């Protein structure tokens, strides 16, 4: 291959890649003209669901988080525009983050992310998402709202319904056509992680230590299963003994794996009790207490425990940042009719 043809080929490949990865930035106004009834419809259903069962708010918040953290890699074939003269078809990778991949059920092509270690028998709220999807498609007259956007808005509306802050959700995500259980297994943060592991896990997503501490504050709502925190309440040294004793009552050494305990004393209220608890060594999960254990995040935990406004502002900022993890936009992906398919 001479210099000129090779250069042309590389230029061609580069242009194709540029075309493929051009993404439109998300905007809070995305549905203003497309379907102004969409966001109020989501809010109505989320409020009703959280009113029925406060824990649902935490579950919907967690769905968005677990969706964004799994960046699925899919092969995308180029369009005819990107065909080099000799007929080779270029293939490149697209990385997807907040793309509704978690909502997909298994097919012959892939196994659902719902079966991943960090999700199996613990992610929930799928029926509420289905209900929201049916309602927005009804009020909009056709499927224009992606399942990925539904997760982002439902997370915000859940926090608000539980008495927490609000933020302007950026919208315009599109839905993936694939999912990866293996990737979910390898990238979702685990409840047994120490601080260096958590920092590195979040850094891989473009999130810093402030984002880590603020987003962990989402554990101010919701419940956890005994199997997740058993090791801490029986073996940890950085735990308040009275607290450990209290938790052991409903979480025996063997059995009772699915018995639930609150992540902080007010699991149905979005407040700063989570951080106040960490300062007293009453974090329920190992990964919670890791944020206040003589490490680099201690100061921020103390700040949030005393200053709800600081936590609220940072939580909103970090949620926007997390919601921006490699979304599909423009003509990438699809708008699903059924969030599970």
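Positions of Cβ are set from backbone N, Cα and C atoms, glycine also.
According to TrEMBL, the signal peptide annotation covers 1-20. Annotated domain 'Plant heme peroxidase family profile' per TrEMBL: 25-341, in sequence order. Summarising the annotation, TrEMBL assigns disulfide bond to 35-140, 68-98, 147-339, 226-251. Taken from TrEMBL, the feature active site, proton acceptor covers 66. The Ca(2+) 1 binding site annotation in TrEMBL covers 67, 70, 97, 99, 101, 113. Sequence annotations record features per position, and here TrEMBL assigns substrate binding site to 189. Annotation source TrEMBL lists heme b binding site at 219. Residues or ranges marked as Ca(2+) 2 binding site by TrEMBL: 220, 264, 271.
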**Message:** Within a 10 Å radius of its Cβ, which of these disulfide-bonded residues (35, 147, 339) has the fewest neighbouring Cβ atoms?
**Reply:** 35
**Fill in**
Sequence-ordered list of residues in the chain of the residue listed as 'heme b binding site' that lie 6 or more positions away and have a Cβ within less than 8 Å of its Cβ, or none, is 263, 264, 274, 284, 285, 288
**Item:** Rounded to the nearest Å - Cα separation of residue 113 (Ca(2+) 1 binding site) and residue 98 (disulfide bond)
**Value:** 13
**Message:** Which one is it, among the recorded positions 67, 147, 226, that lies nearest to residue 220 (Ca(2+) 2 binding site) by Cα separation?
**Reply:** 226
**Prompt:** Given the model, what does the mean pLDDT over the domain 'Plant heme peroxidase family profile' (25-341) come out as?
**Reply:** 91
**Prompt:** Of the recorded positions 67, 97, 140, which one sits closest to residue 339 (disulfide bond) when you measure Cα to Cα?
**Reply:** 67
**Message:** Rounded to a whole angstrom, what is the C-alpha distance between residue 226 (disulfide bond) and residue 140 (disulfide bond)?
**Reply:** 42
**Item:** Alpha-carbon distance [residue 68 (disulfide bond); the residue listed as 'substrate binding site'] in Å
**Value:** 12
**Message:** Quick check for the class: what is the C-alpha distance, in angstrom and rounded, between residue 70 (Ca(2+) 1 binding site) and residue 35 (disulfide bond)?
**Reply:** 28
**Message:** Beyond the listed site residues 220, 264, 271, identify every same-chain residue whose Cβ lies within 8 Å of the center of their Cβ atoms for the Ca(2+) 2 site.
**Reply:** 217, 219, 221, 263, 265, 266, 267, 269, 270, 272, 273, 274, 275, 277
**Prompt:** What number of additional C-beta atoms lies within 10 angstroms of the C-beta atom of residue 68 (disulfide bond)?
**Reply:** 29
**The one of 98, 226 whose CB sees the fewest other CB atoms within 10 Å, among these disulfide-bonded residues** = 226
